[in-house]
Amino acid sequence: MAKQIVFNEEARRALERGVNALAESVRVTLGPKGRNVVLDKKFGAPLITNDGVTIAREIELEDPFENMGAQLVKEVATKTNDVAGDGTTTATVLAQAIIREGLKNVAAGANPMGIKRGIEKAVESVVEDIKTNAKPIESKESIAQVASISAGDDNIGVLISDAMEKVGKDGVITVEEAKGMTTELKVVEGMQFDRGYLSAYMITDTDKMEAILNDPYILITDKKIGAIADILPVLEKVVQAGRQLLIIAEDIEGEALATLILNKLRGTFTCVAVKAPGFGDRRKAMLEDIAILTGGTVITEDLGLKLENTTIDMLGRARQIRVTKEETTIVEGSGSQDDIKSRVEAIKKQIDETTSDFDREKLQERLAKLAGGVAVIQVGAATEVEMKEKKLRIEDALAATRAAVEEGIVAGGGCALVDAAKALDSLKLTGDEKTGVAIVCRALEEPLRQIANNAGFEGSIVVEKVRNGGRGVGFNALTEAYEDMIAAGIVDPAKVTRSALQNAASIAAMLLTTECLVSDIPSKDNGAAAMAGMGGMGGMGGMM
């Protein structure tokens, strides 16, 4: 297919127009007084949001060269979202500022490669300053502050800090849509997996339709159990001990299942059977997790163990087990804390090494189930449109909170970036590299400038006042006052601020060094074909 090619200034200007189209759509959402953007959806109601990456993902431009610029800045937002989970609007604003200032200098005759080197050195210096001045996050109040600033809602901040307190920093916190109007937190203690009882005859509480086993033994195997003879020896030992039993197996069917139900109905013996969670290798790993948590052994031929030779000390134990139609929860397993700790460390290592997002998510779920539990934030709202908008804000706040726990917090409201610009004074560079540093220095003011503009203030005046104030003193757009940002609870995660700058500078520096754009020539056949079709319809009308 034939291509169209543009060079030099024409190419860079086309990219800049695309960058501006996307960035202008996103930057209006920045800060506590930022506005929302409405995104049209082909199916269902439009989506109202102030989430930078969600807006960026929707933008496609008609002109192929302008679209290249928009897609490059979209990469800044998505990469920041992947790494830090928040700060996507800040990253977009920074990228636009670096590109705008950089292109001015390139047009004036500066060497783009020299500017690129200067930008890289400046970013390195600023990132070092952010890391040095980051404060570790310890208290529940600090966690609530980070979440509140990200979500723009104090109630959400409290909800997330409660969730983190209950399940720990390694715990899983999921966000779901609720059926009612209230947003609430539900915490699942212990290990839960999505497999329920194999027969309703196994329930012990008919009102709640669930089976509750107190201080039971747990038989864990990866085999199918069909014949009662396979498990009879261990059943007899459990009955003699006067205890209840939970069986977790690949499947239990036929004679074995019928016998267990019959004994339950006669009141001889209480046993609940559930299928093993997961599939394939993941199932084996989850069964091992359950065994370690409960102090049992997985009866598997991989270890040379057979069901008929199972002894009572191979069974796991727990304080209580709750089994519903859909899920099983093991509360307070009797496993050794040292074994659980070792298993947690092994899973953490796997999380660091894996390259698959899906595997990482599943490993984090396993880690949470071993380390603390799972918290579910159920998002309620009056309408579906409001619920989706709220859910996006909570997901961002959650990501920001995790980032804060990881690398600490810095002054919020764009203040940390303005303060970090002072670190650039120590860089003694010359020529175009010095210009690159000046470009970054100007770009670092842009988030604060935009927050002030969105709040109805003159950005340049606000930036000047903050620059001349002490470190950590910034502009609170909500109260319209200048104050110590950390003391006022206006904080950003250091990881979010750092990632936003690094990703913005990376894409912007590459874009400045662009000299040529190549794209397919847009096809004109589609319009001609449509016109021909219309003519045919007219001919048919004459025949009627």
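Note that Cβ sites are derived from N, Cα and C of the backbone, with glycine treated the same way.
The candidate list Gly157, Gly408, Gly413 contains one residue that Swiss-Prot assigns to the ATP site with Thr29, Leu30, Gly31, Pro32, Asp86, Gly87, Thr88, Thr89, Thr90, Asn476, Ala477, Leu478, Asp492, namely Gly413.
In this view, the densest Cβ surroundings among the binding-site residues Thr29, Thr90 belong to Thr90, judged by other Cβ atoms lying within 10 Å. Spatially close to Gly31 (ATP binding site) yet at least six residues away along the chain are Gly413, Gln450, Ile451, Ala452, Asn454, Ala455, Ala477, judged by Cβ distances under 8 angstroms.
Spanning the listed ATP site, residues Thr29, Leu30, Gly31, Pro32, Asp86, Gly87, Thr88, Thr89, Thr90, Gly413, Asn476, Ala477, Leu478, Asp492 have a farthest Cα to Cα distance of 21 Å. Asn476 (ATP binding site) falls within a strand when secondary structure is assigned with DSSP.
With all protein chains in the displayed structure included, the most crowded Cβ environment within 10 Å among the binding-site residues Thr88, Leu478 is that of Thr88.
Neighbour list (Asn476 (ATP binding site), Cβ cut-off 8 Å, at least 6 residues apart, same chain): Gly413, Tyr482, Glu483, Met485, Ala488, Ile490.
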